[in-house]
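Per TrEMBL, region 'Disordered' is recorded for 1-20. Residues or ranges marked as domain 'P-type' by TrEMBL: 52-95. Taken from TrEMBL, the feature disulfide bond applies to Cys54-Cys80, Cys64-Cys79, Cys74-Cys91.
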Amino acid sequence: MRLLGRRGTISERSGPQSPPVTMEARVLWLLVVVLVLGSSSLAVAYQGLATNLCEVPPKDRVDCGYPEITSEQCVNRGCCFDSSIHGVPWCFKPLQDTECRF
């Protein structure tokens with residue numbers, strides 16, 4: 001395609017040109033990628049509660065789940081899972097953590 005330029009000269013264009021990518025756009029895309037990767041790694045990083053918080057005597061367990069809950073579903077709710085004792089909740093609330101963390 002031939003176009004007449006500002007000074008009366010003929011210039012060639014091979015097709016539509018995209019606008020230049022600005023530094024702000026690159027930074028924005030980088031931020032989006034970092035946030036997506038960071039959030040997915042946080043989901044994987046959560047492995048459950050400390051073992052000592054799940055040492056609740058069977059008679060003191062408070063149900064935290066529902067029938068047929070899996071250990072993964074239970075832990076994702078922030079609860080403890082122990083299916084070794086029948087007749088008591090397998091998914092139950094942990095002991096209260098009284099340690100302060102800063």
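Using the three backbone atoms N, Cα and C, a Cβ is placed for every residue, glycine included.
A TrEMBL annotation is a machine prediction, not a hand-curated record.
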So how many other Cβ atoms are close to Cys79 (disulfide bond), meaning within 10 Å of its Cβ?
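Result for Cys79 (disulfide bond): 23 other Cβ atoms within 10 Å.
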Between the Cα atoms of Cys64 (disulfide bond) and Cys54 (disulfide bond), what distance do you get, rounded to the nearest Å?
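On Cα coordinates alone, these residues lie 12 Å apart.
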Measuring Cα to Cα, how far is Cys80 (disulfide bond) from Cys91 (disulfide bond) in Å?
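The separation of the Cα atoms works out to 6 Å.
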When a 10 Å sphere is centred on the Cβ of Cys64 (disulfide bond), how many other Cβ atoms does it contain?
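Result for Cys64 (disulfide bond): 18 neighbouring Cβ atoms inside 10 Å.
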Output the one of Cys54, Cys80 that, of all these disulfide-bonded residues, has the highest number of other Cβ atoms within 10 Å of its Cβ.
Cys80
Long-range same-chain neighbours of Cys91 (disulfide bond), Cβ under 8 Å, sequence gap at least 6?
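Long-range Cβ contacts: Asp63, Cys64, Gly65, Tyr66, Ile69, Ser71, Gln73, Cys74, Arg77, Cys79, Cys80, Phe81.
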Please compute the mean pLDDT of the model over the domain 'P-type' (52-95).
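The predicted confidence over the domain 'P-type' (52-95), as a mean pLDDT, is 94.
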